[in-house]
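Feature list (source: TrEMBL):
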- 45-68: transmembrane segment (TRANSMEM)
- 80-104: transmembrane segment (TRANSMEM)
- 110-134: transmembrane segment (TRANSMEM)
- 141-163: transmembrane segment (TRANSMEM)
- 175-197: transmembrane segment (TRANSMEM)
- 209-230: transmembrane segment (TRANSMEM)
- 242-263: transmembrane segment (TRANSMEM)
- 306-326: transmembrane segment (TRANSMEM)
- 336-365: region 'Disordered' (REGION)
- 336-347: compositional bias 'Basic and acidic residues' (COMPBIAS)
Amino acid sequence: MQAYLLSQQFNTRPLAENSTACPANATICNGTSCVLPEDNFNETLSVVLSTVLTIMLALVMFSMGCNVEVQKFWGHIKRPWGIFVGFLCQFGIMPLTAFLLSLAFNVLPIQAVVVLIMGCCPGGTASNVIAYWVDGDMDLSISMTTCSTLLAMGMMPLCLFIYTKMWTDANAIVLPYNSIGISLVALIVPVSVGIYVNHKWPRKAKIILKVGSIVGAILIVLIAVVGGILYKGSWIISPKLWIIGTIFPAAGYCLGFFLARLAGLSWNRCRTVSLETGMQNTQLCSTIVQLSFTPAQLELMFTFPLIYSIFQLLFALLILGGYRIYRRHRAKTKTDIEKTEQKEDSKSTSSHANINGGFVANEGK
């Protein structure tokens with residue numbers, strides 16, 4: 001009985017072949033083997049990662065608040081058609097798409113949960129940057145990101161409750177709504193402070209915004225590196241998750257664009273809604289997953305937010321490149337049309353001059 005208890009609390013390791021002494025931290029030494037205390041390195045690292053993720057996410061959300069101008073934001077609230085279309089895309093199309101993809105590829109229940117959490121996440125701050133480069137409606141982009149972040153507090157738990165019912169009823173998984181709710185409510189404070197800072201000190205807010213974008217990029221890398229150390233089994237990724245991670249953001253971009261166009265929004269607003277729909281807050285998803293699930297569950301689900309972030313950025317860059325090529329081609333076509341019209345005007349002027357005895361009026365003088 002005593003040996004059994006020891007085996008539960010300690011790890012028995014053989015000594016090295018050429019070693020004759022037990023390690024300093026050994027509790028029992030017998031011949032060529034000794035009993036060592038259990039290594040708590042992974043547990044400590046997990047706590048550190050959770051703390052760092054929470055702090056860095058708060059900084060990212062604080063910087064997002066620094067991008068919100070109260071007057072413009074309030075203007076979109078008064079005329080909410082664009083935000084309403086974005087709301088339908090964010091919390092209608094994306095969770096439904098996540099649910100259908102999970103069913104179509106028959107993934108494990110815990111993997112379906114992480115796909116759904118990603119689908120229920122609010123828009124990411126990177127969408128504001130890409131929207132700027134594709135000549136989107138920046139006020140609408142920022143307003144949609146802010147509103148979706150605030151509305152996620154109620155919509156994310158609601159969507160998860162609806163779409164995970166088939167798995168929770170079968171007791172396949174138990175969703176930690178408390179942890180998810182606390183993570184979402186905690187976002188209000190940094191976003192609100194950021195909005196206040198931008199209202200009072202707009203110049204400083206711009207600097208904070210740049211720092212926040214850098215922190216966001218570091219956050220993704222940090223999650224990948226430390227998560228790879230903690231959850232080594234998570235890098236044995238199911239091909240199904242790779243396929244879902246590829247299809248999901250592409251579907252979000254396309255469906256968001258078509259719904260916005262169907263609602264009668266202008267082309268630049270359609271591009272904005274498309275980006276806001278497809279680009280999710282992957283940092284938030286990773287943080288919620290890290291804080292809400294056990295290490296055994298994380299082995300199966302931890303890498304999906306990273307897969308999604310890779311492909312959402314890749315497709316966003318393709319959209320940006322395609323739009324830039326289109327705009328350049330359109331500018332050349334417009335120039336050619338203007339040159340043709342000028343030539344036709346000069347020809348008509350010349351023929352008119354011949355008819356009138358060769359006199360040409362020089363209006364420039």
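Each residue, glycine too, has its Cβ placed from N, Cα and C.
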Leading stretch by Cβ pairs under 8 Å, where the reference is the transmembrane segment (175-197) and the options are 80-104, 110-134, 141-163, 306-326: 141-163
Leading contact stretch, 80-104, 141-163, 242-263, 306-326 vs the transmembrane segment (110-134) - CB distance under 8 Å: 141-163
Contact set, same chain, for the transmembrane segment (242-263): CB under 8 Å, 6 or more residues outside the stretch: 81, 85, 88-89, 93-94, 97-98, 101-102, 105, 107, 115, 118-119, 269-280, 304, 307-308, 310-312, 315-316, 319
Same-chain residue ranges lying at least 6 outside the transmembrane segment (141-163) that approach it to Cβ under 8 Å: 61, 64-65, 67-69, 72-73, 76-77, 82-83, 86-87, 90-91, 95-96, 98-99, 113, 116-117, 119-125, 127-128, 131-132, 175, 177, 180-181, 184-185, 187-188, 191, 195, 272-273, 275-276, 281
